[in-house]
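Student: Structure provided below as structure tokens; questions to follow.
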Amino acid sequence: MASSNNDGPIEPEAEPWRITQNDHLEQDLLEEDAESQERVDIPVDDVEKAFSFKKLWAFTGPGFLMSIAYLDPGNIESDLQSGAQAAYKLLWVLLSAHIIGMLLQRMSARLGVVSGKHMAEVAYQFYPRLPRIILWLMIEIAIVCSDMQEVIGTAIAIFLLSKGFVPLYVGVFITILDTFTFLLIDRYGIRKLELIFGFLILTMTVSFGYEFVVVKPPIGEVISGMVVPWCAGCGKGEFMQAISVVGAVIMPHNLYLHSALVKSRRVDRKDRRRVAEANKYFTLESAIALFLSFFINLFVVAVFAHGLYQKTNADVREMCIARHDIPDADIFPNNTEPVEVDIYKGGIYLGCQFGAIAMFIWGIGIFAAGQSSTMTGTYTGQFVMEGFVKIEWPKWKRVLITRAIAITPTLVLTFYSQGVQNLTGMNDFLNCVQMIQLPFALIPIITFTSSRKIMHDFRSSKVFQIFALITSALILSINVYFISDYVFSRLGSEWYIIMVLAPITFAYVLFVLYLALYCLVSCEIIPDTVSIRGFSFNKSYENDAPWLAVDSSAVHDNAGYQ
């Protein structure tokens, strides 16, 4: 019930979408702060020119930072398990996941360019208070889980490179230095940061490319696996692995990150042509970055498909025991079960098969993947916290707290885990948690980019909206199957387990449906006059569109001249 007190504005609970004067002031301060940060200038030349390498270079950066999420240790582990279990048969799934990811990243970049705000900032103004707080918490959980994977990957890489001399918990402590590295590089501007990420991607390309060249997998089978959308002779194990590949590639927090990174370019939003140009070049740059990340992932799949497909633990163990320069040569159990592999065992196998150099180069690649991913995770945490809760802390505080939240549970895990193989097994659980969080990025990005009030004449076309909705529904359905299988296979399906999970599942589904309702209204599939108890669609929020004001002024001037 609305308050009758006239001394102040209506409380947000009464009209949760209402933007008060204080909200406008906060937004103005945020925009002023953003403008004061270093932005990359875009060359001013003929905007009608179809293509310019100079302009592409100016826009290059955000897409490569975004592509790091496709190369994190969780993805690498999913790749090698895919190769060991299904050979080259799931490469088409990997390719499809990258294509879908490209389309989603395109939406994210367009949102940042057109609205001048990133996803968290738009969500803050678009959703009522309680839903946006829940949304923020869900994305923070996704960021923490992702960061845990990167910290674990980096610690394992250090453990592998030192031949076990550096304990895992020390490796985790070493990753804290990422925080200070990030702060140091960030002081010198976004271009320097992008250069460092470019170097790390190059390191991964060389490392995993080296393994590909040494192993020499059959190119014909690799190409066939990419273009033939089928998995002959596959069962439930291969199907679950395919789901894992999709879940590892499409990361929820990455959509929030990309929409913020594109704001590092100085785009004149008063000129429609400049906005369209930015959308074009960011899409092209993202496509190039994800094309490269796909081939890096392909290298990993092919290496382990060629070496470990249809091999048993005993086969690999026998090969490793014969070598004396490889640590943990007896890590593979002496049984005839299909070989089980993770990022640590993968390095041991490469050392056993091709020598210590191959093992060290693999470790360097995993280290680069972990380092780059922890830094992008920190960046994402900063943007999400700023956008959702408007915390005006010094940057070093925000970064330290974001890292501490991720490192603390990882430290506990390393202290109590019995061996490195148990630690790497956490990746499956962390991937599962991130799949649970995926709707809280997928649904909002479709909602925002389909909204006339946010994107105006740059909103997604009806065909693209329908494609995005169908694709997202398919991904979410597959995720539900994977999550339910994962949970019940580990916890069991006894009545008391179901009783505990039922209320949590009900609340989760209810919130997803709430977000989906907003999405359908934005897509104009259902009218904004919909009346459902407890649901009020935001009719008053409208993002600025300075190019429309300029267009209107030009039309008015021309009419006056005539």
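Every residue gets a Cβ built from N, Cα and C, even glycine.
Swiss-Prot lists these features:
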| type | residues | note |
| --- | --- | --- |
| TOPO_DOM | 1-55 | topological domain 'Cytoplasmic' |
| TRANSMEM | 56-76 | transmembrane segment |
| TOPO_DOM | 77-83 | topological domain 'Extracellular' |
| TRANSMEM | 84-104 | transmembrane segment |
| TOPO_DOM | 105-140 | topological domain 'Cytoplasmic' |
| TRANSMEM | 141-161 | transmembrane segment |
| TRANSMEM | 165-185 | transmembrane segment |
| TOPO_DOM | 186-194 | topological domain 'Cytoplasmic' |
| TRANSMEM | 195-215 | transmembrane segment |
| TOPO_DOM | 216-241 | topological domain 'Extracellular' |
| TRANSMEM | 242-262 | transmembrane segment |
| TOPO_DOM | 263-287 | topological domain 'Cytoplasmic' |
| TRANSMEM | 288-308 | transmembrane segment |
| TOPO_DOM | 309-347 | topological domain 'Extracellular' |
| CARBOHYD | Asn334 | N-linked glycosylation site |
| TRANSMEM | 348-368 | transmembrane segment |
| TOPO_DOM | 369-398 | topological domain 'Cytoplasmic' |
| TRANSMEM | 399-419 | transmembrane segment |
| TOPO_DOM | 420-428 | topological domain 'Extracellular' |
| CARBOHYD | Asn422 | N-linked glycosylation site |
| TRANSMEM | 429-449 | transmembrane segment |
| TOPO_DOM | 450-462 | topological domain 'Cytoplasmic' |
| TRANSMEM | 463-483 | transmembrane segment |
| TOPO_DOM | 484-496 | topological domain 'Extracellular' |
| TRANSMEM | 497-517 | transmembrane segment |
| TOPO_DOM | 518-562 | topological domain 'Cytoplasmic' |
Student: Only counting partners 6 or more residues apart, tell me which same-chain residues put their Cβ under 8 Å from the Cβ of Asn334 (N-linked glycosylation site).
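Tutor: Asn313, Ala314, Arg317 - these are the non-local Cβ neighbours of Asn334 (N-linked glycosylation site), listed in sequence order.
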Student: Using a Cβ cut-off under 8 Å, which residues of the same chain at least 6 positions beyond either end of the topological domain 'Extracellular' (216-241) come close to it?
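Tutor: For the topological domain 'Extracellular' (216-241), the sequence-distant neighbours (Cβ-Cβ under 8 Å, at least 6 residues beyond its ends) are 78, 81-82, 85-92, 95-96, 298, 302-303, 305-306, 482, 485.
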Student: Are there residues at least 6 beyond the ends of the topological domain 'Cytoplasmic' (263-287) whose Cβ is under 8 Å from a Cβ of it, and what are they?
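Tutor: Residues 34, 37-42, 47-48, 55-56, 58-64, 66-67, 102, 105-106, 109-110, 112-114, 116, 118, 190, 458, 546-547, 549-551 contact the topological domain 'Cytoplasmic' (263-287) from elsewhere in the chain.
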Student: Taking residues 6+ outside the transmembrane segment (195-215), which of them lie with a CB under 8 Å of any CB in it?
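Tutor: Cβ under 8 Å, 6 or more out: 64-65, 67-68, 71, 185, 292-293, 296, 299-300, 302-303, 306-307, 350, 354, 358, 361-362, 364-365, 368-369, 371-372, 375-376.
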Student: For the transmembrane segment (429-449), which stretch among 56-76, 141-161, 242-262, 497-517 has the most Cβ pairs under 8 A?
Tutor: 242-262
Student: Hey, which bits of the same chain come close to the transmembrane segment (84-104), Cβ under 8 Å, at least six residues off its ends?
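Tutor: Residues packing against the transmembrane segment (84-104) from afar: 70, 217, 221-222, 224-232, 234, 237-238, 241-242, 245-246, 249-250, 255, 286-287, 290-291, 293-294, 297-298, 301-302, 304-305, 308-309, 311, 338-339, 341, 442, 445, 467-468, 471, 475.
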Student: Given the transmembrane segment (348-368), which of the listed stretches 56-76, 141-161, 242-262, 288-308, 497-517 has the most Cβ pairs that are under 8 Å apart from it?
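Tutor: Of the candidates 56-76, 141-161, 242-262, 288-308, 497-517, 141-161 scores highest.
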Student: Would you kindly list the residues that approach the transmembrane segment (497-517) from elsewhere in its chain, counting only those six or more residues past its ends and only Cβ-Cβ distances under 8 Å?
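Tutor: Those are 131, 134-135, 436, 439-440, 443-444, 447, 476, 487-488, 491, 526, 530, 532, 535, in sequence order.
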